[in-house]
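Engineer: Pulled from Swiss-Prot, these are the listed features:
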COMPBIAS  21-39  compositional bias 'Polar residues'
DISULFID  Cys172-Cys197  disulfide bond
MOD_RES   Trp49  tryptophan amide
MOD_RES   Trp83  tryptophan amide
MOD_RES   Trp105  tryptophan amide
MOD_RES   Trp128  tryptophan amide
MOD_RES   Trp135  tryptophan amide
MOD_RES   Trp142  tryptophan amide
MOD_RES   Trp149  tryptophan amide
MOD_RES   Trp156  tryptophan amide
MOD_RES   Trp163  tryptophan amide
REGION    21-56  region 'Disordered'
REGION    98-169  region 'Disordered'
SIGNAL    1-20  signal peptide
Amino acid sequence: MLLAKISVVVLLLAIDGTSSSESTDNVVLSSSPDSQKAATSRHKRAPGWGKRSSLNDEDLFADSDSAQELLDSVAALKRAPGWGKRFSGLMSEGSSLEAKRAPGWGKRGQEIDVDEDGSEQEKRAPGWGKRAPGWGKRAPGWGKRAPGWGKRAPGWGKRAPGWGKRSGGDYCETLEKMVDAYIYKAVEVDSRRLADCGSGEGTNEPFRK
């Protein structure tokens with residue numbers, strides 16, 4: 001029984017010794033230059049990644065005797081011409097920071113008047129706001145009606161000569177014809193009465209003449 005316990009302890013010590021030796025070998029391998037190169041190769045980025053320029057600070061500031069040379073060296077680090085800049089060209093002595101636009105851009109006039117009280121007035125271009133000569137004038141005779149407009153043609157409203165007038169002879173003849181027609185009608189009616197009713201007494205025969 002005691003022998004079995006001793007053999008188990010020896011076996012555990014042997015296993016512990018082999019594991020510690022493997023860990024030390026791993027540490028040695030990881031500290032070697034070859035292992036470091038293998039580790040860094042797995043995390044390599046594209047060439048030039050994270051670099052702002054191809055020049056080092058030592059190359060940039062070495063042998064720079066003047067500010068102009070420093071500016072020239074900075075110019076080598078810039079991006080494509082005009083990239084992200086509102087004006088072309090680098091800032092140098094006497095250069096303007098204001099972006100240059102086309103001449104007269106955004107200006108309504110060419111000059112500005114300064115009054116005695118110090119207020120400024122914009123001068124507009126000559127003739128600005130003036131309408132062309134004759135603007136708003138209507139053509140000569142506009143709104144006038146043609147001569148004789150509204151007048152009726154000569155003789156309008158006149159009836160033919162003798163219209164509505166009756167001649168004396170025709171009128172009298174017409175009346176005579178009407179009387180004859182009434183008399184004829186009366187005689188015809190009276191003869192029918194005599195035939196149907198006979199001659200009665202007390203009639204107004206004397207008036208029938």
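Quick reminder: no glycine exception, Cβ is built from N, Cα and C everywhere.
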Engineer: If I take the alpha carbons of Trp149 (tryptophan amide) and Trp156 (tryptophan amide), what is the distance between them in whole Å?
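Structural biologist: About 15 Å separate the Cα atoms of these two residues.
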Engineer: Which whole-number value in Å describes the distance between the Cα atoms of Trp142 (tryptophan amide) and Trp135 (tryptophan amide)?
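Structural biologist: Answer for this pair: 15 Å between alpha carbons.
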Engineer: Helix, strand or coil for Trp105 (tryptophan amide)? Use DSSP.
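Structural biologist: Trp105 (tryptophan amide) sits in coil per DSSP, no helix or strand.
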Engineer: To the nearest Å, how far is the Cα of Trp128 (tryptophan amide) from the Cα of Trp135 (tryptophan amide)?
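Structural biologist: Given the Cα positions, Trp128 (tryptophan amide) is 15 Å from Trp135 (tryptophan amide).
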Engineer: Validating a neighbour-count step here. Other CB atoms within 10 A of the CB of Trp163 (tryptophan amide): how many?
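Structural biologist: Cβ-Cβ neighbours of Trp163 (tryptophan amide) within 10 Å number 7.
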Engineer: Take the C-alpha atoms of Trp163 (tryptophan amide) and Trp156 (tryptophan amide) and report the distance between them in angstrom, rounded.
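Structural biologist: About 15 Å separate the Cα atoms of these two residues.
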Engineer: Determine, to the nearest whole angstrom, how far the Cα atom of Trp49 (tryptophan amide) is from the Cα atom of Trp105 (tryptophan amide).
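Structural biologist: With the alpha carbons as reference points, the distance is 42 Å.
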Engineer: Taking the Cβ of Trp142 (tryptophan amide) as the centre, how many other Cβ atoms fall within a 10 Å radius?
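Structural biologist: Around the Cβ of Trp142 (tryptophan amide), 7 other Cβ atoms lie within 10 Å.
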Engineer: Where Trp105 (tryptophan amide) and Cys172 (disulfide bond) are concerned, what is their Cα separation in Å, rounded?
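Structural biologist: With distance taken Cα to Cα, Cys172 (disulfide bond) is 104 Å from Trp105 (tryptophan amide).
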